Amino acid sequence: EILRSLAGLPSPPGAAPPAWRVPVDCVRANELCAGEPGCSSRYRTLRQCLAGRDRNTMLANRECQAALEVLQESPLYHCRCKRGMKKELQCLQIYWSIHMGLTEGEEFYEASPYEPVTSRLSDIFRLASIFSGMDPATTSKSNHCLDAAKACNLNDNCKRLRSGYISTCSRELSATEPCSRRKCHKALRQFFDRVPGEFTFRLLFCSCKDPACAERRRQTIVPSCSYEDKEKPNCLDLRGACRADHLCRSRLADFHTNCQATSQSLTSCPGDNFQACLGSYAGLIGFDITPNYVDASTTSITISPWCSCKGSGNMEEECEKFLRDFTENPCLRNAIQAFGNGTDVNLAPKNPNPAVTVVPKTEKIPALPDDVNDSNTAYDGGVISTCTSLQEQGLKPNQSKEQSLCYSEAQLTTDVMPDQKTFTDPKAGSSRHRELRMLLLVPVLIAALGL
């Protein structure tokens with residue numbers, strides 16, 4: 001069967017495909033390849049070809065080309081890894097041992113080595129019980145990020161791992177070294193890899209109506225240790241360092257695969273899958289490329305890794321493109337807003353490329369313990385966002401930037417909180433459609449009356 005495949009001959013009628021043709025994880029694919037002399041020898045050859053990291057030299061070598069052609073039809077070339085699997089790092093190392101040399105320097109985006117995510121946000125909504133049984137009037141005014149922290153504390157695993165990373169990331173080592181960034185990142189990765197999404201997503205993506213709540217959300221990952229630094233490195237340098245590590249490279253490729261904005265879908269997300277985008281975002285936390293909220297704004301969501309494009313030279317355009325995948329990504333923003341509003345993708349109307357509004361960074365607010373209600377009581381009405389104030393008063397906003405901000409959140413859901421009002425975009429054309437339908441019905445009614 002292997003010889004038939006290599007020769008391009010079809011299998012006999014009714015013959016089942018060989019085991020190595022069935023998609024498997026890369027650890028299993030490596031075992032299957034090792035059991036076939038032709039595959040294992042070609043794999044060794046290709047690894048030797050890639051050892052020098054010179055792709056052009058490799059492609060010019062006939063033996064390397066032959067090995068690559070054979071392995072492209074092998075289980076190794078088509079294998080993928082499962083997030084959180086027992087041998088995840090080994091699986092990823094095997095995957096990149098082939099794919100790294102094939103794409104390095106050729107592609108701005110790399111394909112994800114992980115299996116596609118088929119679950120949806122509705123799965124998490126059904127599992128999460130933070131708001132179940134609560135009075136709607138009370139829920140609409142509560143601090144959802146505080147509620148998320150309390151819910152985590154009711155789960156032993158979530159509470160233990162959350163307390164662990166908070167303690168590690170807050171432990172001062174010396175006057176000049178406020179914490180161990182390496183240990184903090186490791187503890188964060190363990191938390192987001194081992195705690196179910198119904199807890200981690202609500203901590204990361206909870207909706208907020210006041211700066212205290214938004215600051216609690218920003219402080220979720222203890223940014224003073226895991227995120228911020230004395231100086232911002234160049235974003236391309238940060239990406240290069242990430243790609244030098246198999247695990248970080250895999251998480252970044254997964255983020256680009258699942259969160260890369262597209263105009264071919266209802267929500268700007270590939271496959272309209274918010275769950276896949278939010279999961280890949282959470283997978284980046286715990287690396288130097290960790291993303292986070294840039295401020296405690298309640299009127300806009302701006303996400304960025306701790307980097308800038310200063311000093312990019314002739315690579316500035318590529319650097320800005322990489323940074324915009326975080327700061328101006330409608331897929332990521334829509335996914336976060338949809339989760340915060342409690343709506344799944346099937347309820348979200350089309351929201352093409354809403355404008356990104358950058359607001360000044362607010363004054364840093366210390367994170368509060370989970371038993372303190374840090375919602376609206378700490379701030380007067382003047383600090384609350386214009387959009388939220390208008391919604392709570394039931395007033396229609398003026399034709400201004402405030403209105404577009406209201407659209408960016410309201411258009412994502414038809415199932416908003418009870419105290420919110422959904423504004424209608426005058427450009428949507430729904431009234432014109434209704435008028436047209438009425439005009440089309442007039443002749444039918446006249447004919448019916450004539451009969």
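Here the Cβ of each residue, glycine as well, is placed from N, Cα and C on the backbone.
Annotated disulfide bond per TrEMBL: C33-C39 (among others), in sequence order.
Residues annotated as disulfide bond in TrEMBL: C145-C206 (among others). For C145 (disulfide bond), the number of other Cβ atoms no farther than 10 Å from its own Cβ, over all displayed protein chains, is 28.
Summarising the environment of C152 (disulfide bond), the number of other Cβ atoms within 10 Å of its Cβ, over all protein chains shown, is 23. Taken from TrEMBL, the feature disulfide bond applies to C152-C158 (among others).
Taken from TrEMBL, the feature disulfide bond covers C169-C184 (among others).
A sphere of 10 angstroms centred on the C-beta of C225 (disulfide bond) encloses 23 other C-beta atoms. Taken from TrEMBL, the feature disulfide bond covers C179-C225 (among others).
TrEMBL lists C208-C213 (among others) with the feature disulfide bond. Around the Cβ of C213 (disulfide bond), the number of neighbouring Cβ atoms within 10 Å comes to 26.
The disulfide bond feature in TrEMBL is assigned to C235-C307 (among others).
As annotated by TrEMBL, disulfide bond applies to C242-C248 (among others). If you draw a 10 Å sphere around the CB of C242 (disulfide bond), it holds 20 other CB atoms from the protein chains shown.
The disulfide bond annotation in TrEMBL covers C259-C277 (among others). The number of other CB atoms found within 10 A of the CB of C277 (disulfide bond), across every protein chain shown, is 31.
Taking a C-beta cut-off of under 8 Å and a sequence gap of six or more, C331 (disulfide bond) has these contacts in its own chain: C259, Q260, A261, T262, T267, S268, C269, P270, C277. Marked as disulfide bond by TrEMBL: C269-C331 (among others).
The disulfide bond annotation in TrEMBL covers C309-C319 (among others). The Cβ neighbour count for C319 (disulfide bond), using a 10 Å radius and every protein chain shown, is 22.
The annotation domain 'GDNF/GAS1' is assigned in TrEMBL to 26-103 (among others).
The annotation domain 'GDNF/GAS1' is assigned in TrEMBL to 145-225 (among others).
If you look up TrEMBL, you'll see 235-331 (among others) marked as domain 'GDNF/GAS1'.
What TrEMBL records for N341 (among others) is N-linked glycosylation site.
Annotation comment: TrEMBL describes N398 (among others) as N-linked glycosylation site.
Of the disulfide-bonded residues C33, C309, C33 has the largest number of other Cβ atoms within 10 Å of its own Cβ.
C208 (disulfide bond) has its Cα within 10 Å of the Cα of these disulfide-bonded residues: C145, taken from C39, C145, C152. Here the disulfide-bonded residues are C206, C269, and the one whose Cβ sees the fewest other Cβ atoms within 10 Å is C206. Rounded to a whole value, the Cα-Cα separation of C235 (disulfide bond) and N341 (N-linked glycosylation site) is 31 Å. Within the same chain, residues at least six positions away from C158 (disulfide bond) with a Cβ under 8 Å of its Cβ are A151, C152, V195, P196, F199, T200. Separation of the C-alpha atoms of C242 (disulfide bond) and C307 (disulfide bond): 13 Å, rounded to the nearest whole number. Over all protein chains present, the Cβ of C179 (disulfide bond) has 17 other Cβ atoms lying within 10 Å. Within 10 Å (C-alpha to C-alpha) of C225 (disulfide bond) lie the following disulfide-bonded residues from C145, C169, C184, C206, C307, C309: C169, C184.
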